[in-house]
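Notes follow the structure.
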Amino acid sequence: MVGSRTGTLLAAYMLLALGFVGLAWVSVGAGNVRSMLLLACAITCGYIYQCPPFRLSYQGFGEPLCFAAFGPFATTAFYLLQSSTSELPITGTILSASLLVGLTTALILFCSHFHQVKGDRAVGKMSPLVRLGTEAGSTVVKVGVVTLYSLLLVLGLSRALPFACMFLCSLTLPVGKLVVSFVEENHKDKTKIFMAKYYCVRLHALFGAALAAGLVASRMIIERSL
């Protein structure tokens, strides 16, 4: 667009700084230093994932960084920003929810590699799919989806998450099965497999909405019983 790598880099740094200042301003306004620290950790994960001199995405560390950034760090941080008090406790419920959010987000990133294995290998980017191959990668997707719903079941039965969350999130299981079957059937077809990440986005959005709805429903039930 601008025809200059330096200009693009400077614009990226400026946007990064503006974003960080904006989030810091919101955190200070909420009087919660913990949220600012967690957001700083999330931003750091994003930076070392993609930006020089780190570029850990080229070493295949994108998924763990994505999981940490959008899961435990960002989800917990935005939870803390919902209160005007700095004493809001970090509960097992919010940590459990953040793990599930992190998993669905990392799954999007993982599936985004399927259609670009050849290009990644050509530029020396050792993504998980470059290392594993698409057939083994399809197995990883299946394991990831099974892990997501197994963890949901464990967290629900152990009451780390409300029953409403477990019930509503379980309704998204057909979408999870769609992701698995689509990747298994099309992982060798670069044209079709391009859609895998969008199916994962659909899973992420529906699962997240169900998770949030379950938390709200649980809160309403508790308030009515008092």
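Positions of Cβ are set from backbone N, Cα and C atoms, glycine also.
What you see is a predicted model, and the numbers here were worked out from it, not measured in a lab.
Features as listed in TrEMBL:
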- 7-26: transmembrane segment (TRANSMEM)
- 61-81: transmembrane segment (TRANSMEM)
- 93-115: transmembrane segment (TRANSMEM)
- 161-183: transmembrane segment (TRANSMEM)
- 203-222: transmembrane segment (TRANSMEM)
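Under 8 Å from some Cβ of the transmembrane segment (161-183) lie the Cβ atoms of residues 93, 96-97, 100, 107, 111, 114, 137-138, 141-142, 145, 148-149, 152-153, 155, 193, 195-196, 199-200, 202-203, 206-207, 210-211, 213-215, 217-218, 221, all in the same chain and six or more residues away from its ends. Here the transmembrane segment (203-222) has long-range neighbours at 93, 97, 100-101, 104-105, 107-108, 145, 148, 161-169, 171-172, 175-176, 178-179, meaning same-chain residues at least 6 beyond its ends whose C-beta is under 8 angstroms from one of its own. When Cβ-Cβ distances below 8 Å are used as the criterion, the transmembrane segment (61-81) is approached by residues 26-27, 30, 32, 34-36, 38-39, 41-43, 45-46, 48-49, 88, 90, 94-95, 97-103, 105-106, 109-110, 127-128 of the same chain, each at least six residues removed from its ends.
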